[in-house]
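Listed features, source TrEMBL:
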ACT_SITE  Asp58  active site, for OMPdecase activity
ACT_SITE  Lys60  active site, for OMPdecase activity
ACT_SITE  Lys60  active site, proton donor
ACT_SITE  Asp63  active site, for OMPdecase activity
BINDING   Asp10, Lys31, 58-67, Thr119, Arg181, Gln190, 210-211  substrate binding site
DOMAIN    4-226  domain 'Orotidine 5'-phosphate decarboxylase'
Amino acid sequence: MMNKPIIALDFPGEQEVFQFLNHFEEKLFVKVGMELFYQEGPDIVRKIKDLGHDIFLDLKLHDIPNTVKSAMKGLARLGVDLVNVHAAGGKQMMEAALEGLEAGSVGKRPLLIAVTQLTSTTEEQMQKEQKIPLTLLESVLHYAQLTKEAGLDGVVCSVHEAKQIAERCGEAFLRVTPGIRLLGGDAHDQKRVATPDFARENGSSYIVVGRAVTKAENVVEAYQEVCRLWEGK
Ligand SMILES: O=C(O)c1cc(=O)[nH]c(=O)n1[C@@H]1O[C@H](COP(=O)(O)O)[C@@H](O)[C@H]1O
């Protein structure tokens, strides 16, 4: 069975979140990111969890190992299902993140993944601004390898790199892919985008979908359309 699409709850506050969630009868896999978490704090995670939804807490930690370790210890206590860091923080930082999660978990440890190159980054930007003298795919594969060596569960990448990561790091190493759009949909600030069906055919383990659902006129219909394409029905 396909993993549920992860729906990005990129809303300014609690009210908008519950307004959105109230449209759905089924349990969702949702993502709480910086916009929501910085406004509402850890309480919003507890409230969404109490409703029975699975949670990806996307705070993209990137700091010195000790700080990341302590922060992760605290986040683990929230009982979320998936959390992330930036692979650019380095192997030691990623190992520290894992240690923190293990120390803070009550019961099952949340899965830990690392962002490789953001889906809003182009190869040209990466080479010019980050001064990385590689192709974008090479950089993503390098970060994926480093993430695997640090013992994490997978990476965030675009659909366009997912297959090669599975070949290099193994099928069990997760490829979580944002930048998902329905055919003809506005890409907004995303650069490496793909449709849910392309993601299914190209090695994504999970898709992350925000505006294609949350900004749709009918959010339930948009969600169902994403599910239908993702599941290949
Ligand atoms: O870690 C993430 O979730 C993430 C990584 C990445 O490379 N690109 C990316 O878009 N995201 C997140 O995925 C979501 C995508 O939202 P939409 O572009 O609206 O579908 C946003 O909440 C981003 O913060």
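Glycine is treated like the rest: Cβ placed from N, Cα and C.
Locations of recorded TrEMBL features on the structure.
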residue: Asp10; record: substrate binding site; contacts (Cβ under 8 Å, 6+ apart): Gly33, Glu35, Leu36, Gly210, Arg211, Thr214
residue: Asp58; record: active site, for OMPdecase activity; contacts (Cβ under 8 Å, 6+ apart): Ala8, Lys31, Val32, Gly33, Met34, Val83, Asn84
residue: Leu59; record: substrate binding site; contacts (Cβ under 8 Å, 6+ apart): Gly33, Met34, Phe37, Leu75, Val83, Asn84
residue: Lys60; record: active site, for OMPdecase activity; contacts (Cβ under 8 Å, 6+ apart): Met34, Asn84, Val85, His86, Val115
residue: His62; record: substrate binding site; contacts (Cβ under 8 Å, 6+ apart): Val68, Val85, His86, Ala88, Gly89, Met93
residue: Asp63; record: active site, for OMPdecase activity; contacts (Cβ under 8 Å, 6+ apart): Ala71, Gly89, Met93
residue: Pro65; record: substrate binding site; contacts (Cβ under 8 Å, 6+ apart): Gly90, Gln92, Met93, Glu95, Ala96
residue: Thr119; record: substrate binding site; contacts (Cβ under 8 Å, 6+ apart): Cys157, Ser158, Thr177, Pro178, Gly179, Gln190, Lys191, Arg192, Val193
Cβ neighbour count within 10 Å of Gly210 (substrate binding site):
21
Which recorded positions among Leu59, His62, Asp63, Pro65 have CB under 6 Å of ligand 1?
none
For Asp58 (active site, for OMPdecase activity), the three-state class that DSSP assigns:
strand
Grab the pLDDT values for the domain 'Orotidine 5'-phosphate decarboxylase' (4-226) and give me their mean, rounded.
98
